[in-house]
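What Swiss-Prot says about this one:
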- 115, 134, 135, 136, 137, 138, 139: S-adenosyl-L-methionine binding site (BINDING)
């Protein structure tokens, strides 16, 4: 049975515990499809106060995470999870996308090291396999990014989602990476806004064509950078501008 094993190394364990215990991730752990451990980096610090940060050499604002506690936490995690990839959450990292999330899910073992303060001592990089970012912005720490990695990867593990087709139909899924089509549920009319007729028709072929058209339109309008990378057949180029009566 495939499953995802993760160990999150953090200075603030409670920030991660709540999220991992709820909703799909909580159920995945109960089902044995996700094994999530949270390690307090301070457990690997020395001294009475277990200090994990210090002033940067060369001067400058803020504090830098010391190498000893984090590297020792990584080494201990590697011993628990042989073969795991060590991933440091960092604005300098590769952008997390669906393809990378799938690689993480398929690999099955991750050690996620969360940065804090002004950054991490560069010597820690000798113990890291890769750095990952969730966008071109700066957060207070790497915990939110680590949780994004776990969430994105775990939902791709077979059995985690109730309907296996859910992951395949979502935005960025599949080789094309299109955005998802719009979703509707009851009631059929809300404040004068009606659900598209085609979704109520029961005609599965028309529904699939409508969903395909709307995914193409959404990607073209909202993420032209993605749209220009997709090689579309002539049928899709015709479909994207087709009216509902042409579906």
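Numbers here mean position along the shown chain, with the first residue as 1.
Quick reminder: no glycine exception, Cβ is built from N, Cα and C everywhere.
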Cβ neighbour count within 10 Å of residue 139 (S-adenosyl-L-methionine binding site): 16
Binding-site residues compared (134, 138) - the one with the fewest other Cβ atoms within 10 Å: 138
Shell list (S-adenosyl-L-methionine; ref centroid = CB of 115, 134, 135, 136, 137, 138, 139; cutoff 8 A): 91, 133, 145
For residue 136 (S-adenosyl-L-methionine binding site): intrachain residues, at least 6 apart, with Cβ closer than 8 Å: 91
The one of 115, 135 whose CB sees the fewest other CB atoms within 10 Å, among these binding-site residues: 135
DSSP three-state assignment (helix, strand or coil) for residue 136 (S-adenosyl-L-methionine binding site): coil
Neighbouring C-beta atoms (10 Å sphere around the C-beta of residue 137 (S-adenosyl-L-methionine binding site)): 7
Taking residues 115, 134, 135, 136, 137, 138, 139, which bind S-adenosyl-L-methionine in the record, the widest Cα spacing (Å, whole number): 16
